[in-house]
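Q: Below are the C-alpha cells for one structure; questions will follow.
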Amino acid sequence: MLNFLQSVQFAKEIEKKIIEYEQDIDISEATMLYEIAKHDFDLVKNLADTIKRYYFKNNIELCSIYPAKVGMCTEDCKFCSQSIYHSCKIEIKDVASVDEVIEYLENIIAFPVKRFSLVTSGGELNDSEFERIIDIISYISKNYDIHLCASLGFLTKERAKKLMLAGVTRYHNNLETSSTYFKNICSTHTQAQKIETLKIAKETGLEICSGGIISMGEDMIERIKLAFELRELKVDSVPINILNPIKGTPFEDMKIMDQNEIFITLALFRIVLPRKTILLAGGKENALKDMEKIAYKCGINGCMVGNYLTTQGMGIKEKVEMLESLGLEV
C-alpha cells in the first residue's frame, strides 16, 4: 500500500500520462487508484475532475429519453420492471404515436437538452413496430433541431441503415455489467449479442452509447473491468446508472452501495475513459439524494434529465438550476 506522498506522486504520474502523453491507463493502474481512493478519495476525485476539465472544460451535456414502448419484455434482466418474468405493477404501453412523443419533446426543448432518445422494451421490435419508430424519428428529424438517439434492442445492418437515414446519430445498448458478471443478471440473452449490436451500429456510421448499472451486487473490480471493456469497444458515450431496486423484481431487496463507492466508481470511469462523454443516468436521485452534487466533481460531463423508463426523475428545470449552481455550462 502506498503512503500519502507516494499516492500523490502516483496520481501526478497518471495525470501526466493521460493529459500530456495522451496515453490510457492499464487495469493495474486503475486498481491501484481504487486502493488509493479508499484512503484518499479527494486525491482520485480531483484527478478525475482535472481530466474532465482538460477535455470538456465546465461543459455538461444533457440528454433525455422517452419510453416509446413499455412492458411485456420477454427478457429476464433481474433489475428491470418491464420483464414478463417479474411481478411489477407498471402501465403497459404499445408503441407510442407521433403526437405522444412530440408532446413530451415540446416540454424538453425549452431547456438546453442536446440529445433525445426513443427507448423501447423487448429484445427487438417486430417489423411493424420498427417502422412506426422510423416514422417518429423521421418527423422529429425534419421538424426539430435536436440530436436523435435510439435504444431499440438488438439491431441488424438493415435496421441500422434505416435509423441513420431517418436521422438517428447515436445508438444505445448497455453492456449492463462486466462480461464475467453478466450471467448474474440475465439468462435470456448474452452480452455477446449486445456487443454485436454495438458493432453493427458503429460499422454503419452511427455513434454508440453503452454503459451499465452499478450496485447490482458486483464488486469494484467488476466495475473497473466494465470500464475497460467499454473502452475496447470504442464507445462514444457511457451512461452510468445506479440500481433503483423496484418491487417485484429479483433485485427489489438489493442494498444500494455506499455513496462513496459510487463516487469512486464515477471517478475511475473518467480516468479509464478520459475523452468520452460519461453521463450520470438513471437512479441517481434515489441513490445519491442531496449528495448528487458531489458526483459532478468526479469527472462526470453528462446528465440524463427528465423521467426514466418506469420511474420518476427530478424536474428538468430543477436539475438545470442545480447544475448551473455548480458552475457547469449546460
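Glycine residues also receive a Cβ, built from the backbone N, Cα and C atoms like all the rest.
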Q: Check Swiss-Prot: it lists S117, C209 as binding [2Fe-2S] cluster. Then name which of C77, C80, C149 it lists for that same site.
A: C149
Q: Let me spell it out: for each of the binding-site residues (C73, C77, C80, C149, C209), count the other Cβ atoms within 10 Å of that residue's Cβ, using every protein chain shown. Which one has the most?
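A: Max Cβ neighbours within 10 Å, all protein chains included: C209.
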Q: Where C77 ([4Fe-4S] cluster binding site) and C209 ([2Fe-2S] cluster binding site) are concerned, what is their Cα separation in Å, rounded?
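A: On Cα coordinates alone, these residues lie 19 Å apart.
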Q: Take the mean position of the Cβ atoms of C73, C77, C80, the recorded [4Fe-4S] cluster site. Which other residues of that chain put their Cβ within 8 Å of it?
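A: Everything else in range on the chain: E75, D76, F79, S81, Q82, S83, H86, S121, C186.
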Q: Can you list, in sequence order, the residues of the same chain other than S117, C149, C209 whose CB lies within 8 Å of the CB centroid of the [2Fe-2S] cluster site?
A: C63, I65, R115, L148, A150, S151, R170, Y171, H172, S237
Q: Roughly how many Å separate the Cα of C209 ([2Fe-2S] cluster binding site) from that of C80 ([4Fe-4S] cluster binding site), to the nearest whole number?
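A: Distance (Cα to Cα, whole Å): 19 Å.
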Q: Using a Cβ cut-off under 8 Å and a sequence separation of 6 or more, which residues in the same chain sit near S117 ([2Fe-2S] cluster binding site)?
A: C63, S64, I65, Y66, L148, C149, A150, S151, R170, H172
